[in-house]
Each structure stands twice: as C-alpha cells, then as structure tokens.
Amino acid sequence: MIIGYFDGLCEPKNPGGIATFGFVIYLDNRKIEGYGLAEKPFSINSTNNVAEYSGLICLMETMLRLGISSPIIKGDSQLVIKQMNGEYKVKAKRIIPLYEKAIELKKKLNATLIWVPREENKEADRLSRVAYELVRRGKLRDIGCIILT
C-alpha cells in the first residue's frame, strides 16, 4: 500500500503571509519527501488553503511521475479533504482552479483521500515549516515543487 501525506501553512498571517507546503510518500521501503512555495509571499492569494491544495497537487503530480496508482492520501485539512471527496462545495475563487487540477489528478491516480488529525501528519507539517524558513531566509524564491529524495 502506498500512502502520501500533505500539509500547508501560511505564516505569519493568513491570508497575506508566506504560503508553503510539504509532502511525503511512503513507497515500499522508501520515503520520498518534497516541499515548495505555493504563492508569491505576502500576496492576497497567499493563504493556508492555497498552500494545502498546492501541497496536494505537488504530491499527486509526483505520484503520477513515479507511476503510482490507487494511493491513499492523507491530510489534516478538513476543508480540502471534504471538498475533494464532494462533501463541501468550493466557493473561494482563488481555490477553484487548484481544486479542478487536484480532482483531475485524483481521478488519474484513482486516489483515496482521508482526513487525519494533525498529530498523524507531522512529517508533512515539518517539511512545510522547512520550506517556510527557506523562504524567510531568501533561499527559496520560486513558486513550485521541490523533490528532496
């Protein structure tokens, strides 16, 4: 069974802070990690939910490149998980294109998305915080996804 975790944050304020994300994939006896910058720092579109969706998209794009199918994907954002599972509607205009891309990737992967409490998502959270610190120090400037392992 292949399991992926994603997380996002926007600090020091939400919206309008630095939106970063992290993800981890457990693939057989390997661990693949990644993180990234979701949006231009301190912009109106820099939000926690944009970061969460960006982390999910980056995770699923990485899974597709690895040829993974039918993964279980876990995240601690109830909003994102419930929107992706059709339980909540997507209302925020800035989220709609991210949601549509994520749904397309979910279908391609045949992925199952499950909400988990924050305590079960520590690795992805840690990676989103690593990305945040790199942005703060000027070492991560480009929006996008970085695969670490």
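Placement of Cβ uses the backbone N, Cα and C atoms for every residue, glycine included.
For reference, Swiss-Prot has these:
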DOMAIN    1-140  domain 'RNase H type-1'
BINDING   Asp7, Asp125  Mg(2+) 2 binding site
BINDING   Asp7, Glu52, Asp76  Mg(2+) 1 binding site
BINDING   Asp7, Asp125  Mn(2+) 2 binding site
BINDING   Asp7, Glu52, Asp76  Mn(2+) 1 binding site
DISULFID  Cys58-Cys145  disulfide bond
Of the disulfide-bonded residues listed (Cys58, Cys145), the greatest number of other CB atoms within 10 A surrounds the CB of Cys58
Do me a favour and check the Cα-Cα span between Cys145 (disulfide bond) and Glu52 (Mg(2+) 1 binding site); whole Å is fine. 13
Helix, strand or coil: which one is Cys145 (disulfide bond) in, per DSSP? strand
Could you work out which of the binding-site residues (Asp7, Glu52, Asp76) has its C-beta surrounded by the smallest number of other C-beta atoms within 10 A? Asp76
Under DSSP, is Asp125 (Mg(2+) 2 binding site) part of a helix or a strand, or is it coil? helix
Other than Asp7, Glu52, Asp76, which residues of the chain come within 8 Å of the Mg(2+) 1 site, judged by Cβ distance to the Cβ centroid of those residues? Phe6, Gly8, Leu9, Phe21, Gly55, Gly75, Ser77, Val80, Asn121, Ala124, Asp125, Ser128
If you draw a 10 Å sphere on the Cβ of Asp125 (Mg(2+) 2 binding site), how many other Cβ atoms land inside? 19
Length of the line joining the Cα atoms of Asp7 (Mg(2+) 2 binding site) and Glu52 (Mg(2+) 1 binding site), in Å: 5
Where Glu52 (Mg(2+) 1 binding site) and Cys58 (disulfide bond) are concerned, what is their Cα separation in Å, rounded? 10
Roughly how many angstrom lie between the C-alpha atoms of Cys58 (disulfide bond) and Asp76 (Mg(2+) 1 binding site)? 16
